Each structure stands twice: as C-alpha cells, then as structure tokens.
C-alpha cells in the first residue's frame, strides 16, 4: 500500500519513497563517518611517513578503503530499514522533519519502537567509537610527529594540512554524538532538525 506522508513543509511523499530517502541519506552519513576515518589515516601516512606515502597508500589499498567504507555505510542502515518496514503506520502521517530521518520516521509509527531505537543507538555508538578510535590514534601520531619538526614553518604547514579535516570531524561527530549516541535523548525536534543541517549540508561543504 502506497501511504502518503506529509512533511512539515507541506510536501507530500509516498511511503516507499520515504523509506528509500531514509536509506540513501543514512547510508551517505554512515559512509562519510568511515571516509573521515580513512582520511585521518591518510593524513597520518602523509605526515609521519612522507617518503613511503605512495607505497603505503597504493591505489589498490585506497580502492579497498573506499569500498569498505561504502559497504560499512550500507550495512547498518539496511538492518534499520528492515525493522522500519515491519512497523505499522496508520492514516495520514506528519513527519516533523525536512527529510525522512530515521527518528522522525519511527516516531509516527503506531508500533512499539523500542527495538528500532535500541538498534539505532547500538549502530550509531559502534560507528562513532570505531571511527573515532582510528581518528584519535592517527592524530596522536601526527601530533607527536609535528612536535618533532624543528622549523615553525614546517609545523604550520603540517597543521594547516589537517585543519579542514579536523573542522569537518568536529562538526560531524559532535552532532552525531549529541543526537544518536545518547540513550533516551530528550532533544527537541527543532534541535534535531538544526543539528541535521550540520551533518547533511554544512559538513559536506567543509569536507576537504
């Protein structure tokens, strides 16, 4: 059955289209989190082992890292989608968001959403912990290496290389942690929508 939804902007969208929009947007967000971790590792190799960069970051390895990021980006959203498709939605629903975001989507369901919420928290926490560990470890080595650079211009050049990436990481992971990695979060829908703008629109514009 093609149920029609109405977003807060009075735009209509079919049930199947809403589910597809959620899956594609969530996959893009999760994939970006893994790509940011890959970029941190890339910075680590470039700054800590510049002479071995072309060997360490071969074309094959780069392709594997990107492919792995996309595969990891699809797995969690696909599981969440399977559970969302099992939920019951009755009548003409209003989504309190500007796109079919997962929490807004399941909020209008007449079914028990405890399991979908728990899965979202679990997947978001796993993704954040795993990617942030890679990022923090990479930048710890980068920081130590930069401190050992004798010239001020060399240190400045190394830090400026990572500046845009660090800005993207701060905005992206800051908003994700505040929204999805806090159990029983009581964020208002206005807060959720504003935060969503940062990781869906602002961050990709800043991402190097």
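Backbone N, Cα and C define each Cβ position, glycine as well.
TrEMBL: automatically predicted annotations, no manual curation.
TrEMBL tags one of the stretches 39-62, 63-86 as transmembrane segment, and that stretch is 63-86.
Transmembrane segment is the annotation TrEMBL gives to one range among 12-30, 88-106, and that range is 12-30. Sequence-distant contacts of the transmembrane segment (63-86), counting only residues of its own chain at least 6 positions beyond either end whose CB sits under 8 Å from a CB of the stretch, comprise 19, 22-23, 26-35, 38, 41, 102, 105-106, 111, 115-116, 119-120, 123, 126-127.
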